[in-house]
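Novice: Handing you this structure, nothing more for now.
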Amino acid sequence: MNPFQKNDSKETLFLPVSTEEVPPRPPSFPEKPSPKICGSNYPLSIVFIVVNEFCERFSYYGMKAVLTLYFLYFLHWSENTSTSVYHAFSSLCYFTPILGAAIADSWLGKFKTIIYLSLVYVLGHVIKSMGALPILGGQMLHTVLSMVGLSLIALGTGGIKPCVAAFGGDQFEEKHAEERTRYFSVFYLSINAGSLISTFVTPMLRGDVQCFGKDCYALAFGVPGLLMLIALVVFAMGSKLYRKPPPEGNILNQVVKCIWFAISSRFKNHSGDNPKREHWLDWAAEKYPKQLIMDVKALTRVLFLYIPLPMFWALLDQQGSRWTLQATRMNGNLGFFVLQPDQMQVLNPFLVLIFIPLFDLVIYRLVSKCGINFTSLRKMAVGMILACLAFAVAAAVEIKINEMAPHQPDSQEIFLQVLNLADDEVKVTVLGDENNTLLAESIKSFQNMPHYSKLHLKTKSQNFHFQLKYHNVSVYTDHSVEEKIWYTLIIREDGESISSMMVKDEENKTTNGMTAMRFVNTLHEKVNVSLGTDASLIVDEDYGVSAYRTVQRGEYPAVHCRTKKEDFSLNLGLLDFGAVYLFVITNRTNQGPQAWKMEYMPANKMSIAWQLPQYALVTAGEVMFSVTGLEFSYSQAPSSMKSVLQAAWLLTVAVGNIIVLIVAQFSGLAQV
């Protein structure tokens, strides 16, 4: 297992610890004997650090797993805005490690940096959870609280990110290098275990628990906040056991100053009066020592390999945004289990735990036995190809989903269906302005229409003439329609005759993989329908039509309803992913009120299992590209530059998220 790389956030595990030569390093911190675990060479203090990391990663990934859907369905942002803010947050989480490393190296040391920034981290979770309480203010306040909370979380998680693992490494004596290597493997596993469990659990807290009548985002954010508080308490409990190295200065600052001095000196002496230098960094020789300049030269050669990294992260980190949005339009029923759309992200840490030993112990060894020289650069190239293939598969899945989705009416078109609630067959004829027949159908009483009919308009809005033939009576009526809208013509009894009303269906789009429904009440009393939401759905008497309401997918065998005179239950049956239903409340038998069910829109047809290939490919690409790339760059960089390299690696993740942010916000193209 690779001790440097972490899944999904793609963070590395070593702090940018300064090995600065200018000025000279302070003396090493004094050795402090530490209690060992069961007589081994493992210090007891690492237990607190590993548990802390598990809880912190649970906190971070648990919160992030439901973040896109929170933006989309709680704050009611568009998909592009939700994607942009998601990746802006992810990007900020990878800029702040530089700040955390600088604070730890130059000022507070790792221990105090972790403690203080963890307090900021916990505060961010508290504010973020408050921003998910429906009873607390309106959307503006929720948005402000969310942005403040996410900013504090980014500062906290990014600030401690480069400190925790290296602080664990500080607990080992130099003679126990083998144990320290194993510690990093355990540390890596704790990261993936926290990510795996939280990515699975928090979507369940969001979707399966109702609070204030809606998805419980406050609980989904609050539980990760509690885990972060536990992480802080556990870490502080080991304080007396830790070896705490003092701050050593910041090599990153020296590197930046050296590069800036070389560039400015080069431009100041562009006239050619001074002799040419072999390398542009040699212009810093007047101020900085030769060894530092040589190390910076080696660093720039390695950084050249980092050029494609942002594009890789731009692909990889869309698992939490675009791929989650894709999952909302798929069917999560796997037969033995029902998956929520945001639970699919659990595949990444799960597959990482499988693929790293599989590649290291099986695949790479088989390739080597075949006589193929599978160098680090070749592994990285194959990894990038696999990531590209993953998005090709995602595009194919998206195309198939769009093919299965109902077509939308175009300009100067409407979709119309007829719902006959009379007690006998009705012949419906739709006439145009010139009395030409546009549609003629005979519709039986309570006939479940299989589809909408497409009607063409001459302008953006138009009057249609309807002839309704019922028994020996013909009823003529006009209804005005507008382009690009779905309509339902509801025919009802009106004494000995019939009448009709036109109802718009433009709101019948479901969200978050949920199901939508509306009711028509044929009773002579208002009906109050309890759907487990914060407010009951009230349907007016005498063919009143309700607004749409979305609910979780599932069986609804006994939905409680009441009128002024009686209480009763309706059996709505299975409400499936993405489907839209119409229920007509009738009382035509001696068994009391019942619900007649019609499916407006079919359920999502494509199984969410079709996302498995793209997750497998992108995770394999991650293992081959990011893990190998970091190991290769570490082996090529001088020891004094590994801290700077760490900062540069994290910056590529930030830049990758910025690329997605820009594309999502400013591109008019559809994305997968």
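A Cβ is built for glycine as well, from the same backbone N, Cα and C atoms used for every other residue.
TrEMBL feature annotations, pasted as is:
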- 1-32: region 'Disordered' (REGION)
- 58-78: transmembrane segment (TRANSMEM)
- 84-104: transmembrane segment (TRANSMEM)
- 116-137: transmembrane segment (TRANSMEM)
- 143-164: transmembrane segment (TRANSMEM)
- 185-205: transmembrane segment (TRANSMEM)
- 217-237: transmembrane segment (TRANSMEM)
- 298-316: transmembrane segment (TRANSMEM)
- 346-367: transmembrane segment (TRANSMEM)
- 379-397: transmembrane segment (TRANSMEM)
- 647-670: transmembrane segment (TRANSMEM)
Novice: Tell me if the transmembrane segment (116-137) touches the transmembrane segment (217-237). I count contact as 3 or more CB pairs below 8 A, with pairs 6 or more residues apart.
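Specialist: These two segments touch.
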Novice: Give residue numbers and ranges for long-range contacts of the transmembrane segment (185-205): same chain, 6 or more residues beyond its ends, CB-CB under 8 A.
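Specialist: Apart from its flanks, the transmembrane segment (185-205) reaches 1-3, 5-8, 13, 49-51, 53-59, 61-63, 65-66, 165, 168, 216, 219-220, 223-224, 227, 340-343, 345-346, 348-350, 352-353.
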Novice: So, do the transmembrane segment (379-397) and the transmembrane segment (298-316) meet, by the test of 3 or more Cβ pairs under 8 Å (sequence gap 6 or more)?
Specialist: yes
Novice: Can you work out which residues elsewhere in the same chain, 6+ from the ends of the transmembrane segment (58-78), have a Cβ less than 8 Å from its Cβ atoms?
Specialist: 8-9, 85-86, 89-90, 121, 125, 128, 132, 139, 142-143, 146, 153, 157, 194-195, 197-199, 201-203, 206, 214-215, 217, 220-221, 223-225, 227-228, 231, 320-321, 324-325, 328, 341-343, 345, 349, 511-512
Novice: Mind checking which residues of the chain, 6+ beyond the ends of the transmembrane segment (143-164), have their Cβ under 8 Å from one of its Cβ atoms?
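Specialist: Distant contacts of the transmembrane segment (143-164): 11-12, 14-16, 49, 52-53, 56, 60, 63, 70, 75, 89, 92-97, 99-101, 103-104, 110, 113-114, 117-118, 120-132, 136, 646, 650.
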